[in-house]
Amino acid sequence: MDQFAHISAHDAHQKLAAGAARLVDIRDPQSFETAHAVGAFHLTNGTLVRFMNEVDFDTPVIVMCYHGNSSQGAAQYLLQQGYDEVYSLDGGFEAWRREFPIQAGDA
């Protein structure tokens, strides 16, 4: 995959439920702590190395932001770091929260 792909909240949820991907949330710490998708990894400059050490490069990664815009740059960056399959979640957290479970606090 040379470029990230777009994925709907529904398709992302199916991949995650099947254990076929990891979800990362790139929103600011306060927004993440207030509410985030269940099981999301809070990806920041400070947690990037840990994520890369924990998640194999052949594991599909789904990137979530607020509305689906910022996630595109982050998705492309993860591809450049060596991840094979990266998706930007269309509609971001706002699309996710309309359909699927969210939680508060640190994940």
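Note that Cβ sites are derived from N, Cα and C of the backbone, with glycine treated the same way.
Same-chain residues at least 6 positions away in sequence with a Cβ under 8 Å from that of C65 (active site, cysteine persulfide intermediate) are, in sequence order, D25, I26, R27, S71, A74, L89, G92, F93. What Swiss-Prot lists as active site, cysteine persulfide intermediate is C65, and the listing cites sequence analysis.
Here Swiss-Prot flags 17-101 as domain 'Rhodanese'. In the predicted model, the domain 'Rhodanese' (17-101) has a mean pLDDT of 97.
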